[in-house]
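Novice: Take a look at this one; I'll ask things after.
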Amino acid sequence: MMEQVCDVFDIYAICACCKVESKNEGKKNEVFNNYTFRGLGNKGVLPWKCNSLDMKYFRAVTTYVNESKYEKLKYKRCKYLNKETVDNVNDMPNSKKLQNVVVMGRTNWESIPKKFKPLSNRINVILSRTLKKEDFDEDVYIINKVEDLIVLLGKLNYYKCFIIGGSVVYQEFLEKKLIKKIYFTRINSTYECDVFFPEINENEYQIISVSDVYTSNNTTLDFIIYKKTNNKMLNEQNCIKGEEKNNDMPLKNDDKDTCHMKKLTEFYKNVDKYKINYENDDDDEEEDDFVYFNFNKEKEEKNKNSIHPNDFQIYNSLKYKYHPEYQYLNIIYDIMMNGNKQSDRTGVGVLSKFGYIMKFDLSQYFPLLTTKKLFLRGIIEELLWFIRGETNGNTLLNKNVRIWEANGTREFLDNRKLFHREVNDLGPIYGFQWRHFGAEYTNMYDNYENKGVDQLKNIINLIKNDPTSRRILLCAWNVKDLDQMALPPCHILCQFYVFDGKLSCIMYQRSCDLGLGVPFNIASYSIFTHMIAQVCNLQPAQFIHVLGNAHVYNNHIDSLKIQLNRIPYPFPTLKLNPDIKNIEDFTISDFTIQNYVHHEKISMDMAA
């Protein structure tokens, strides 16, 4: 299939349009569509006077060049024209610096304030049938008609060409099928307009990208990208060749460009001979569009937290980080480089950010972190302790599991105003809420059997008997009991989902200690999902971990630098004793971890 002229010469349109007044505006029966945004101008100026963010986007798009891609663009154009090099225009300004071309009509040119003429760092081209070069003091190109632009582009070294208005110019290029993409700003306010963007034929152009939504100059706005579809369009011979059936772009016969246009015509006659296959063009386009859509991102602050990227040489040397453990490591890196410095309850201080998500495929592996050795026995013993509904910290200490030790001391309990509480009586924490939600808590010795709501029993019953229920939730956040807990729950809510004989779990964690807590939480809820899946005769599917306040304690930073510079190993697998059918019957001996390859242990002090 023959390349289209706009594809070869990389011709785009860029514009901003507002909403225009409608008879039904504000009424219930008002109908909106893509043509709702079509207002271009009013009385020779922008209807909205000025929108600083849109101007920033316009400049970002029309000035961005990627010199590493230019050789391929140049080759494509030269091959298309069947010549070895681009002929530089000697009698016109031609910057040695690679730039984009911007093409505008006379009215648009006249609307630009004099101090901004010509548009800097761009090759300015004015399309006018009446103006001449001698009418301008500025370095600009003057063309009389659209086909002259194609001639000019064949002689220039440039990156991309952008049509920037006005309405008649847009219309002419669209009619001649000379627009590859339209970079379109939607100004979400209504203004009086007398000039409008031509209606876009949705059979010829489709929206391929939509940006974030912004506010600027008291209006919301966003940016969309239309791309020319692959539908068979009118052959560009009708645009340039000048056959009798379409004289929109006749050949010039009266100046030095005649030879150049004849070469274009000759190309069409021998199109099969000069076919070029550019399989990576779409990838290059997507890379540029990504840059455009990130125009408003603040440049990454160097050493925001006095941590230098050189501290992560191995981490940063990796081109692809697809191993699922990098979900966790990437969060740590982001927080250490860009996190907010905050004081905290413990007095240690943290770097923190808000809102992350990780997903682990339990059907493929058991996500036990490998960049440091984890205390797996402690993770399992704590989980079994939760499942039994226990609150006595001595039970774990007697098994040399010290996860809750610091939270059960006399000093810690007194700081929580739990003066009456015995040491290591942790109060109505996770296990109590899982098995006795709503029951009155007295102490760690009393028997709470058949008191409160047994949430764990209920969710297992729902999974077995009503697997499509959207109420399969387990909640540890009991507001009434928070002040009685040695430590309010960090991982507060999980929900289960059954499909196709598989069980998935999503867990929300309000407070996320990245150095110590989160690795345990990932493993614990993954094991929990395996256990519930087995007793419900299902297979484990996904564990999804949602993090709220994610933080790195200041006294963990040096240790985490070491961890981030370690390359993860393949995750291990988890095997449960298949004979266990009751969630309460599991013991530590029923869990087997196979092929746990890991780096050395990294010590970190707990901030309590």
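Cβ coordinates come from backbone N, Cα and C, glycine included.
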Novice: Going by the dUMP site in Swiss-Prot, where ARG345, HIS491, GLN509, ARG510, SER511, CYS512, ASP513, HIS551, VAL552, TYR553 are listed, which of the candidates ASN521, ASN565 is also part of it?
Specialist: ASN521
Novice: Looking at Swiss-Prot, ILE14, CYS15, VAL31, ASP54, ILE164, TYR170, THR185 are annotated for substrate. Which of ASN108, ASN294, ASN296, ASN305 sits in that same site?
Specialist: ASN108
Novice: What does DSSP say about GLY165 (NADP(+) binding site): helix, strand or coil?
Specialist: coil
Novice: Just counting, how many other CB atoms are there within 10 A of the CB of TYR170 (substrate binding site)?
Specialist: 23
Novice: Determine, to the nearest whole angstrom, how far the Cα atom of ASP513 (dUMP binding site) is from the Cα atom of CYS490 (active site).
Specialist: 9
Novice: I'd like the Cβ neighbour count for TYR553 (dUMP binding site), meaning other Cβ atoms within 10 Å of its Cβ, all protein chains included.
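Specialist: The Cβ of TYR553 (dUMP binding site) has 23 Cβ neighbours within 10 Å.
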Novice: Mind checking which of THR107, GLN509 has the fewest other CB atoms within 10 A of its CB? They're the binding-site residues.
Specialist: THR107
Novice: Provide the three-state secondary structure of CYS15 (substrate binding site) computed with DSSP.
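Specialist: Strand, per DSSP.
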Novice: Restricting to the chain of GLY44 (NADP(+) binding site) and a gap of 6 or more, list residues whose Cβ falls under 8 Å of its Cβ, or answer none.
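Specialist: GLY44 (NADP(+) binding site) has long-range Cβ partners THR107, GLU110, SER111.
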